[in-house]
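First comes the structure, then the notes that go with it.
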Amino acid sequence: MAFLELSHVKKSFGQVHVVKDFDMAIEKGEFISFLGPSGCGKTTVLRMIAGFETVSSGTITIGGHDLTDLKPNQRNIGMVFQAYALFPNMTVGQNVAFGLKVAGKPKAEIDVTVKEMLDLIHLGHLIDRFPYQLSGGQQQRVALARALAIRPRVLLLDEPLSALDAKIRVSLREEIRSIQRKLGITTIFVTHDQEEALSISDRIVVMNEGRADQIGTPFEIYNFPRTRFVASFVGTLNILPGHVADGASGRIEIDGQAVHACRDLARLTGRSACTVALRPEAIRLGTAGDGANHLTGKIEEVSFLGAVLRVRVRLADHAISLDMFNNPGVAPPERGSPATVTFAREDVLIVEEAA
Amino acid sequence: MNLKKIGAWTAIAVGVIYFIVPLIGTFEFSLRMRRGEYSLDAYESVFSDVRFHATFGYSGLMAVLTIIFGMLLVVPTAYWVRLRLPQLRPVVEFVTLLPLVIPAIVVVFGYLRIYNSSSYLPFTASERATDILLMGSYMMLSLPYMYRSVDTAMRTIDVRTLTEAAESLGAGWTTILFKCIFPNVMSGVLAGSFITFAIVMGEFTMASLLDRPAFGPYLQLIGANKAYEPSALAIIAFLITWVSMGLLQVVSRFGKARPART
Ligand SMILES: Nc1ncnc2c1ncn2[C@@H]1O[C@H](COP(=O)(O)OP(=O)(O)OP(=O)(O)O)[C@@H](O)[C@H]1O
Ligand SMILES: [Mg+2]
């Protein structure tokens with residue numbers, strides 16, 4: 001049995017169903033990200049785990065114990081908020097000590113733990129500062145130390161980095177991840193930034209309209225999106241409608257041109273239309289040997305992104321984007337010229353429409 | 001531009017004259033108890049009056065008690081409304097404003113009807129109980145100011161997130177209220193306290209009709225029977241108010257200098 005389990009969790013606010021049948025099992029020590037667009041229910045699921053919202057139905061268990069009837073202050077779950085939420089009247093040290101004091105720990109032990117936590121976030125020298133004397137990044141690190149000081153069973157972070165500027169976001173997310181590894185604490189990290197989720201998670205839960213569309217490692221999520229939503233939300237995939245010519249052998253037509261797939265063929269049986277996803281970096285200009293797929297069209301747009309060039313090729317009704325490495329020795333393709341693109345059969349992903 | 005400036009200065013001058021001149025007149029008069037020269041005899045006379053000490057002490061004590069119990073009522077209420085009943089805020093605000101529109105005399109007659117010695121809650125039966133009733137009435141009178149200043153201070157902190165942060169760290173609601181909320185609305189609590197102090201020290205109607213030995217009725221009594229002392233008392237009363245208001249300014253500056261969040 002997994003350490004943290006949510007089974008058939010639902011949440012409605014009045015008539016509005018915000019979370020619909022959410023299932024998830026997290027192992028001890030895992031780092032999980034919730035990824036999804038604004039309003040898809042990420043915060044709501046997190047708040048139900050923390051106990052700030054009741055579940056409408058379903059159960060949440062930690063280590064086999066049902067949490068449903070426990071108040072937030074009985075759950076021993078650490079929480080880090082987007083707005084830091086440090087107590088303005090307390091110093092850094094007092095903030096970190098707060099949970100330990102509430103738990104009635106002896107003073108000597110509190111002092112040791114506070115020091116240990118502040119060393120962990122490299123802010124030991126700021127112990128007597130007040131929150132308003134700290135930068136945003138420092139405040140968020142203190143908030144993290146405060147949440148970790150009570151040795152919570154699970155750590156929840158709700159978009160902890162979105163109030164910070166880009167550079168600090170990257171360095172702090174790596175710091176969070178390394179602290180998490182060091183302590184081996186089971187963590188859920190909410191974000192709507194796909195790069196953030198892909199770079200630090202063990203597994204990602206891609207959420208869409210109150211459901212978990214796909215749960216998997218960053219590798220699986222990025223390379224093999226299961227649904228159209230996941231494909232379009234994670235990365236910049238080409239999403240194209242296909243006509244199923246022969247489901248069993250994986251023959252599809254895109255804008256009238258034949259393409260072969262060798263993956264996810266089960267999703268083609270008994271259907272006449274499907275949705276095809278192609279990663280831009282899996283496509284090349286030109287032709288290739290046996291078995292590869294070819295599509296012909298016209299170069300519509302070339303954008304220079306630095307290390308890569310993004311080229312858009314128009315087929316008939318639809319266009320396809322591909323990435324090629326920038327090579328100073330080769331002139332970029334010209335707009336308006338005819339072009340053939342090629343990609344392997346394994347790179348043709350058949351994705352599900354939204355459930 | 002220039003004309004505007006002149007207009008503004010004229011308005012200020014008129015205001016200053018309107019307020020300051022009577023005050024100077026009163027002050028000047030309070031110094032003339034001794035024939036032919038200025039002296040502080042009137043003040044001496046006031047300060048040596050035992051009733052001054054008794055009533056001033058009584059009202060001061062009432063003010064402190066009113067502030068303590070008022071804040072114990074107002075802070076948790078404002079907190080709860082912000083946290084759990086935001087839709088009730090307009091209603092609560094309206095209720096706290098009622099003391100401003102209902103004359104004190106009406107309220108006190110209501111008290112006397114409901115809490116008289118033959119009622120179920122005979123607050124007026126003993127002096128101690130009447131003191132409690134009087135304190136209750138002061139709490140009501142100061143409610144608009146206390147609630148507003150506390151609520152304003154609460155606006156500067158994120159009450160809900162702070163509460164949730166404290167809860168997730170294991171705190172119960174008394175800890176949250178007294179360790180996490182109260183200290184952060186202290187500027188509002190103090191501001192409300194100074195206004196309350198000023199109100200209670202000068203209040204006449206309630207104390208007089210409930211027949212308690214407060215400072216307000218004493219002022220009235222002296223005013224009706226002496227010549228120079230009332231002026232001295234008026235100046236003293238003004239000073240109390242001003243000191244309260246001055247402290248309020250200091251406190252609100254202090255509160256602003258330490259923003260809750262960046
Ligand atoms: N207390 C509430 N009452 C009514 N509706 C709510 C409440 N809390 C959240 N919702 C609704 O639930 C939906 C999901 O909200 P939630 O905050 O979980 O989204 P989110 O995925 O965290 O979005 P974001 O990325 O913007 O933070 C939203 O449509 C929101 O309007
Ligand atoms: Mg959210």
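Placement of Cβ uses the backbone N, Cα and C atoms for every residue, glycine included.
Taken from TrEMBL as is:
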- B:7-27: transmembrane segment (TRANSMEM)
- B:56-79: transmembrane segment (TRANSMEM)
- B:56-251: domain 'ABC transmembrane type-1' (DOMAIN)
- B:91-112: transmembrane segment (TRANSMEM)
- B:132-150: transmembrane segment (TRANSMEM)
- B:189-210: transmembrane segment (TRANSMEM)
- B:230-251: transmembrane segment (TRANSMEM)
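Proximity of distant same-chain residues to the transmembrane segment (B:189-210), defined by a Cβ-Cβ separation under 8 Å and at least 6 residues beyond the stretch ends, is recorded for 59-60, 62-63, 66-67, 70-71, 74-75, 104-105, 107-109, 111-112, 124, 130, 133-134, 137-138, 141-142, 145-150, 153, 182, 216-217, 219-220, 237, 240-241, 244-245, 247-248, 251-252, 255. Stretch with the most C-beta contacts under 8 angstroms to the transmembrane segment (B:132-150), considering only B:7-27, B:56-79, B:91-112: B:56-79. Sequence-distant contacts of the transmembrane segment (B:56-79) (same chain, six or more residues past either end, CB-CB distance under 8 Å): 92, 131, 134-135, 138-139, 142-143, 146-147, 150-151, 154, 159, 177, 181-182, 185, 189, 192-193, 196-197, 200-201, 203, 207, 212-216, 218.
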